[in-house]
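What TrEMBL records for this protein:
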DOMAIN    121-331  domain 'ABC transmembrane type-1'
REGION    1-53  region 'Disordered'
TRANSMEM  62-89  transmembrane segment
TRANSMEM  121-146  transmembrane segment
TRANSMEM  158-180  transmembrane segment
TRANSMEM  200-227  transmembrane segment
TRANSMEM  248-273  transmembrane segment
TRANSMEM  310-330  transmembrane segment
Amino acid sequence: MPSAPLEPVRTLTDAPRTAEASLSGRQTAPTPPTAPAAVAPVDHRHTHRPTHRRRRRLVQALTGYAFLAPSLIGVGLFLVVPVIAAVVISFQDWDLISPATWVGWDNYVEVLRSPQVRNSLLVTIAFTVMVIPTQTGLGLFCAVLLHKKLPGSTFFRIVFAIPWICAPLTLGIVWKWIFAPTDGALNALLGVRIEWLSSLTLALPAVAAVNVWTHVGYVTLFFLAGLAAVPQDLQNAARLDGASETRLFWAVTVPLLRPTTFFVLATGIIGTFQAFDSIYAMTGGGPGVPGRTDVLAARIYYDAFESLDMGRAATLSVLLMILLVVLTVAQQRYFRRRITYDLS
């Protein structure tokens, strides 16, 4: 017996449509159920993004300043405060005992007219002329040799740095014994009797030689770093063009060492104008009157702690600082135009 056809299962959603179809007398196919539309999730992460970025930048800035705080405090206490104090004292008459008296520009007028200060300035310039070219040339020469990776180059790098890290006052005492006229090591080695530190003509070259010996390792290390940064491609291209090693050094290497040369010259000039420890230990500013080794830094010391004229010493310190700033800025402008091959 044939089975009756199965009727489709009606759902609640089909009921209205079926009723409507029966009223109209038409048969309609049931509509399949539709899935509810998917609702896109709301992303709340970007709602407060500008505020979050500002807060994060503020935290980063505060963290950076927190790490810099020890250095900034040290610079303020040991650099900014002494400079301000020196400027204030330079306008006063003070002997460390009596109360300070405001004298205005009198100290500056007195210092600029002083023959002792003029002598100290000339001695310092002569000392700088002796030291800077010599230690720069020797430092570059030693750096070129050590850069070739010769046997024992690592050992000599360490040896060159030893005088620079030693206390200048200690080195001055040692060299005073070496230059001693009677039992000094130098006279014993040469078999002569020369008054190195008492001679009016030899005293300044002697202390200049000690300064060169002390700082040539410092210069060598910086030139070594500069030579390591020279691009090898330029040197190889010059060799392919037939340039000799001498031509390669002066036309390629030396121009690319100008940033290093500027740093070495700037720090060297500042160091020679501030040289005091070793000179004071060897000669005490003498010999002769005015002293043949009476550099500006020594003159400041004598005015402050022997003459007890703190105002004059502070004035000379401020003028020396201004002079060094002017020299450094002039060097910086000169070398800034010449960091390329264009020498015009």
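Positions of Cβ are set from backbone N, Cα and C atoms, glycine also.
Note: TrEMBL annotation is automatic and uncurated.
Model, not experiment: these values are computed from the prediction.
Taking Cβ pairs closer than 8 Å, the transmembrane segment (310-330) reaches residues 83, 86-87, 89-96, 100, 103, 107-108, 110-111, 117, 266, 269-270, 273-274, 296-297, 299-301, 303-304 in its own chain, all 6 or more past its ends.
Outside the transmembrane segment (121-146), and at least 6 residues removed from its termini, the chain residues within Cβ reach (under 8 Å) are 153, 156-157, 160, 204-205, 207-208, 211-212, 215-224, 226-227, 249, 257, 261, 264-265, 268-269, 272-273, 275, 291-296. Simply put, out of 62-89, 200-227, 248-273, 200-227 has the most Cβ pairs sitting under 8 Å from the transmembrane segment (158-180). With a threshold of 8 Å between CB atoms, the same-chain residues lying at least 6 positions outside the transmembrane segment (248-273) that come near it are 124, 127-128, 131-132, 135-136, 139-140, 144, 211, 215, 219, 222-223, 225-227, 229-231, 234-235, 238-239, 295-297, 320, 323-324, 327-328, 331-332, 335, 338-341.
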